[in-house]
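Straight from Swiss-Prot, the features:
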MOD_RES   LYS7  N6,N6,N6-trimethyllysine
BINDING   ASN116, THR166, LYS170, ARG288, HIS320, SER372  substrate binding site
ACT_SITE  LYS168  active site, proton acceptor
BINDING   LYS194, ASP196, GLU197  Mg(2+) binding site
MOD_RES   LYS194  N6-carboxylysine
ACT_SITE  HIS287  active site, proton acceptor
SITE      LYS327  site 'Transition state stabilizer'
Amino acid sequence: KASVGFKAGVKEYKLTYYTPTYETKDTDILAAFRVTPQPGVPPEEAGAAVAAESSTGTWTTVWTDGLTSLDRYKGRCYHIEPVAGEENQFIAYVAYPLDLFEEGSVTNMFTSIVGNVFGFKALRALRLEDLRIPTAYVKTFQGPPHGIQVERDKLNKYGRPLLGCTIKPKLGLSAKNYGRAVYECLRGGLDFTKDDENVNSQPFMRWRDRFLFCAEAIFKSQSETGEIKGHYLNATAGTCEEMMKRAIFARELGVPIVMHDYLTGGFTANTSLAHYCRDNGLLLHIHRAMHAVIDRQKNHGIHFRVLAKALRMSGGDHIHAGTVVGKLEGERDITLGFVDLLRDDFIEKDRSRGLFFTQDWVSLPGVLPVASGGIHVWHMPALTEIFGDDSVLQFGGGTLGHPWGNAPGAVANRVALEACVQARNEGRDLASEGNEIIREASKWSPELAAACEVWKEIKFEFEAMDTL
């Protein structure tokens, strides 16, 4: 209200931005922040500061405030609760009016909500735990290029998880040797093989050579097995133009799927690639390289469930989501929380799984979670039980480390998977009978028996960092 007169000076954020009586709207974007204030800063002031600095506020009153309606545009901290078991930590809930965000831009959403506020001096640490994306905003995104059902129809594969394998050593192979490794894995029974996230176009293997040899491997293995095969050709590049050039070449080769590193490549590049993939019938596999830099600390950063939601909006058909049982981080309930966020249309709020809000995706296609990292045949029953049919299970070392080579390694994994799916369909309990199911299957498959022998004692047992 300009008529009241402009009063210069610094005033507390909580006078304007802490509104405990606010009723959230269906169109608001809601955020749950884990706030650790500096000593002496009350939680209401800290929560209000987060709301202010991530929306309309700045450190002092400015006369141009009178030229707009702050009540319409400001973020509001509407609820604060202490974190159980932690000293001086609070969950601050902030509501943002939808008008603050550009339609269809994950980039703009993150620039607003987490762009500036994390360096704020009044806070010791800050973590974005969850976002509620309103249906009105969801509808401005294309989302995944195809989604789970369309992918199954394209591949003609139903009723079981899909099997993949990352080609190792990740760096140093020539294109022809790389293509040979791909062929052996696909020929042995895998559905997919994968470029490692840091395989782009290096001196020892330029991207075009790799694409050609991998395409040859795909078509040769398809003709021999009668199954549709794919290799995640990594299109990630130094510029968006180069990335698109690689995706276009993949489409010209007639392969089914390409890949992108969405955090290092950036959301803008990722969304462009996702749009191209839908328009041209390519599936899009997403790797989350760099995620742990952002999500591993418990009290600072962004939780992966938020990055997973952002990916579903930006677009991708697969995304790596931890394993719960392998060598990489992932606590079971929390992991399953964001796995459901990726796959389901509607997910209820459930704090025991880290879900702070109910999320309605209104017909945005689902994303297949990918379990990858330090897993082998003995993990197959647990993975089948935990992730269910709509998932991709990726065994890199667990395929290529087989004593007889890549193709027998692929056979071992496929036999183990088929045995677990059959046992589950017959009503057996994979959690308690898993080892027995694998042992029974290995009697009929020398490849599986050899794999069981090699990896019988390997475990990666550490406490998960990410607890509720």
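The backbone N, Cα and C atoms fix where each Cβ goes, glycine too.
Overlay of Swiss-Prot annotations on the structure.
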residue : record                       : Cβ contacts under 8 Å, 6 or more apart
LYS7    : N6,N6,N6-trimethyllysine     : THR61
ASN116  : substrate binding site       : GLU53, SER54
LYS168  : active site, proton acceptor : ASP196, GLY396, GLY397, LEU400
LYS170  : substrate binding site       : ASP196, ASN198, VAL199
LYS194  : Mg(2+) binding site          : GLY164, CYS165, THR166, ILE167, HIS231, TYR232, MET259, HIS285, GLN394, GLY396
GLU197  : Mg(2+) binding site          : ASN234, THR236, ASP261, THR264, HIS287, ALA289
ARG288  : substrate binding site       : ASP261, TYR262, LEU263, PHE304, LEU307, LEU311, ILE319, HIS320
Count the Cβ atoms, other than its own, that fall within 10 Å of the Cβ of ASP196 (Mg(2+) binding site), considering every protein chain shown. 18
Most distant Cα pair in Å, residues ASN116, THR166, LYS170, ARG288, HIS320, SER372 binding substrate: 37
Candidates HIS287, HIS320: member of the recorded positions with the richest Cβ shell (10 Å): HIS287
Cβ within 8 Å of the Mg(2+) site centroid (LYS194, ASP196, GLU197 excluded): which residues? THR166, ILE167, LYS170, ASP195, ASN198, VAL199, TYR232, ASN234, MET259, HIS287
CB neighbours of SER372 (substrate binding site) within 10 A? 25
Collapsed DSSP category at ARG288 (substrate binding site): coil
